[in-house]
Amino acid sequence: IEAIRCGGSRDCYRPCQKRTGCPNAKCINKTCKCYGCS
């Protein structure tokens with residue numbers, strides 16, 4: 001899976017929602033970590 005670059009966790013919400021269906025995400029070391037639905 002291609003890494004999603006980010007400057008903050010809110011940069012990840014939309015791309016992670018597109019990828020996993022839920023916007024649960026954090027920005028870690030300038031890349032998004034998508035957690036999917038919990």
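Any Cβ shown, glycine's included, is placed from N, Cα and C.
Note that the structure is a prediction, hence the values are computed from the model and not measured.
The feature disulfide bond is assigned by Swiss-Prot to C6-C27, C12-C32, C16-C34, C22-C37, with experimental evidence given as support. What Swiss-Prot records for R10, R19, I28, K30, K33 is site 'Important for the interaction with Kv1.2/KCNA2 channel', and it gives an author's statement as the kind of evidence.
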Residue among recorded positions C12, C16, R19, C37 with Cα closest to the Cα of I28 (site 'Important for the interaction with Kv1.2/KCNA2 channel'): C12
Set of same-chain residues at least 6 away whose C-beta sits under 8 angstroms from K30 (site 'Important for the interaction with Kv1.2/KCNA2 channel'): R5, C6, G7
Close recorded positions near K33 (site 'Important for the interaction with Kv1.2/KCNA2 channel'), where close means Cα within 10 Å, chosen from R10, C16, R19, C22: C16
Recorded positions near C22 (disulfide bond), in sequence order, restricted to R10, C16, C32, C34 and a 10 Å Cα cut-off: C16, C34
Proximal residue to R19 (site 'Important for the interaction with Kv1.2/KCNA2 channel') among recorded positions R10, C27, C34, C37 (C-alpha distance): C34
Recorded positions compared (C12, I28) - highest count of Cβ atoms within 10 Å: C12
Spatially closest candidate among R10, C32, C37, the listed recorded positions, to C16 (disulfide bond) (Cα to Cα): C32
Cβ neighbour count within 10 Å of C34 (disulfide bond): 20
Disulfide-bonded residues: C16, C22, C32 - member with fewest neighbouring CB atoms within 10 Å: C22
Cβ packing number for R10 (site 'Important for the interaction with Kv1.2/KCNA2 channel'), 10 Å threshold: 11
